[in-house]
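Enquirer: One structure, pasted below without further comment.
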Amino acid sequence: MANNDNKHRRSMSMLLYIAVAIFVYLLLSNTLLPGLLRQQIQTVSYSEFLNKIESNEVTKVDLNTGNRNIRFTTGSGDSEKIFETTQFPNDSTLVQTLREHKVDFSASIPDNSANMLMYALIQYGIPLIIFLGIGFFINRSLKRAMGDDGPSMNFGGGFGGLGGNLGRSSAKEIKGEDTGITFKDVAGQEEAKESMQEIVSFLKTPDKYKEIGARCPRGALLVGPPGTGKTLIAKAVAGEAGVPFFQIAGSEFVEMFVGRGAAKVRDLFKQANEKAPCIIFIDEIDAVGKRRDASLNSNDEREQTLNQLLSEMDGFDNHKGIVVLAATNRPETLDKALLRPGRFDRRIPVELPDLKGREAVLQIHANDVKMEPGVDLSIVAKSTPGASGADLANIINEAALRAVRFGRRRVTTEDLTESVDVVIAGAKKKNSVLSEHEKDVVAYHETGHAIVGAIQKNDAPVTKITIVPRTSGALGFTMQVEDDERYLMSKSQAMDEIAVLCGGRAAEELIFGEMTNGASNDIERATAIARAMVTQYGMSDKLGMVTLSQQQSRYLGGGSSLTCSEATAEEIDAEVRRIVEEGHQRALQTLKENRFKLHEIAHYLQKKETITGEEFMNILKRENTFAPVDKNINDEGSSTPSEE
């Protein structure tokens with residue numbers, strides 16, 4: 001029965017398409033094509049026709065007695081031209097004149113039936129076939145682009161759809177049990193899982209909520225940085241509840257055809273109503289849910305789609321068990337109407353995992369990989385502060401790839417530690433060979449960071465120093481890992497961190513008496529900390545406890561814009577320079593006081609290229625036994641290389 005209905009609908013759509021095509025072409029052919037044909041035959045006056053006969057230009061004349069028109073030809077071959085004029089009534093001398101000038105002429109009453117039929121076929125038939133062919137090709141291309149390869153011309157309920165699926169939602173439907181994901185597969189997000197448990201409970205046992213008069217939250221907005229598991233949590237909710245799961249990206253709603261986005265929203269909620277209870281998950285909802293305004297950059301199609309989404313979220317019966325989940329990392333751009341209670345009732349933060357969470361995430365991904373006995377994942381967790389779940393999954397995968405590369409059947413601790421370096425700084429550059437002088441500069445630079453970091457009381461312990469160039473562009477790096485997770489930063493800790501960042505440049509100035517561009521990233525980070533101290537943390541003695549900037553795109557690492565006068569902005573710049581310079585001077589002083597250790601560790605690092613934190617601390621703590629033989633440091637802190 002359904003097949004017969006589809007065939008009937010396709011036949012009607014085909015007839016409608018042909019009818020519209022014929023109408024459009026007839027309209028064009030009766031206005032445009034006759035004019036083009038007439039442009040090939042020049043119309044002249046009767047007197048000009050007689051003049052051309054007198055001057056012997058006319059070679060052939062056709063006297064049409066049916067419409068009293070005269071069509072004549074001048075010239076021959078490539079120079080032949082056709083003219084047309086209206087015969088002057090009662091001109092009895094025309095035939096005599098044509099004979100005198102020896103012009104070929106003919107006169108007849110034409111039978112136009114055959115000519116008219118041929119003319120109609122040429123003028124209307126062939127172009128119409130071409131027109132229909134082009135239209136069919138465009139229609140088929142649109143249907144293929146929308147995922148329908150069928151040869152039919154189904155217009156989705158009307159010719160205006162221009163393609164069978166343009167008004168149909170492209171959401172992927174997954175059965176709850178087919179997601180293969182439950183809360184056991186989600187780690188490091190215990191608070192988010194706890195918030196979602198109530199939604200799962202309602203979807204599984206709605207009667208106990210209806211009995212007391214409670215309604216299920218219509219929607220929940222998952223907010224957090226990229227890679228933290230927002231989509232994974234949404235799938236886990238569907239897996240736990242065992243209900244259908246509709247997944248669609250926000251960008252898939254907005255189309256090139258006006259009104260198609262709103263139609264897709266209607267179709268999505270129609271499908272959800274048919275499969276209720278179920279979950280609708282809209283990923284990156286900011287693509288369609290941006291704040292509406294009256295600016296010139298406003299998008300009417302996107303706003304129309306958003307209005308339809310708001311209407312649907314208000315209109316569906318929440319007792320059916322339809323829950324809308326959405327994810328975004330730009331919550332500040334969302335329309336306020338979308339965030340009000342009754343639409344997205346809950347806003348659930350999905351933040352970067354802490355130390356315990358990172359270890360749990362690593363363990364989940366490690367379950368799919370063969371590991372050597374005794375591999376300590378806590379070391380990796382400590383080495384990756386600020387890493388997302390996606391970063392940690394990548395670390396485990398990189399370790400497995402490295403194990404295969406070296407012919408091992410199990411992942412070792414070395415594979416894991418090296419994969420951390422790959423994710424953080426990139427892979428080793430095997431073909432990059434530094435000159436002896438550059439290698440010397442990099443060794444002192446990284447040692448400067450490490451010594452200043454080890455001396456500062458508030459800084460994290462050094463765990464690794466390397467001067468092996470990486471694909472990220474770094475010629476070396478110093479890794480420091482906190483023993484415990486740190487959630488607050490005091491002013492003294494911020495100043496110590498700036499001093500550590502200035503340690504590399506200070507070592508270059510102290511030992512070589514000049515500076516390189518190797519400290520560019522250190523300067524950038526030190527400046528960012530100092531500016532945050534002044535404009536966000538209220539740690540400036542001069543400007544006091546005020547907020548002077550507004551952060552943008554917090555979860556995407558966006559910058560901040562100043563919210564102060566130009567005069568205050570100048571004071572901010574001066575204060576930032578003062579704080580960074582203070583850290584620079586502290587680093588210089590620390591290295592002057594430990595200059596022999598600076599030489600000893602730098603030379604040791606230059607020989608081994610990579611040393612552990614334990615090796616570094618052993619050299620730093622033992623008595624001074626190293627005398628610099630290749631550098632001479634004067635009392636003012638400048639230095640010059642000694643002659644070899």
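Glycine is no exception: its Cβ is also placed from the backbone N, Cα and C atoms.
Feature list, courtesy of Swiss-Prot:
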type	residues	note
ACT_SITE	Glu446	active site
BINDING	Gly224, Pro225, Pro226, Gly227, Thr228, Gly229, Lys230, Thr231	ATP binding site
BINDING	His445, His449, Asp522	Zn(2+) binding site
TOPO_DOM	1-13	topological domain 'Cytoplasmic'
TOPO_DOM	35-117	topological domain 'Extracellular'
TOPO_DOM	139-644	topological domain 'Cytoplasmic'
TRANSMEM	14-34	transmembrane segment
TRANSMEM	118-138	transmembrane segment
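Please situate the listed features within the shown structure.
Expert: The Cβ of Glu446 (active site) lies under 8 Å from the Cβ of Ile465, Thr466, Ile467, Gly476, Phe477, Thr478, Gly504, Leu605, each of which sits 6+ residues away along the same chain.
In the three-state DSSP scheme, Thr231 (ATP binding site) is classed as helix.
In sequence order, His449, Leu501, Cys502, Gly504, Arg505 are the residues near Asp522 (Zn(2+) binding site), counting only same-chain partners six or more apart with C-beta under 8 A.
Across all of the topological domain 'Cytoplasmic' (1-13), the predicted model scores a mean pLDDT of 55.
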Enquirer: Using the structure shown, find which entry in Gly224, Pro225, Pro226, Gly227 (the binding-site residues) has the sparsest Cβ neighbourhood within 10 Å.
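Expert: Across Gly224, Pro225, Pro226, Gly227, these binding-site residues, the one with fewest Cβ atoms within 10 Å is Pro226.
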Enquirer: Can you tell which of Thr228, Thr231 has the most other C-beta atoms within 10 Å, given these are the binding-site residues?
Expert: Thr228
Enquirer: About how far apart, in whole Å, are the alpha carbons (Cα) of His445 (Zn(2+) binding site) and Lys230 (ATP binding site)?
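Expert: A Cα-Cα distance of 40 Å.
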Enquirer: Within 10 Å of the Cβ of His449 (Zn(2+) binding site), how many other Cβ atoms can you find? Include all protein chains, please.
Expert: 27
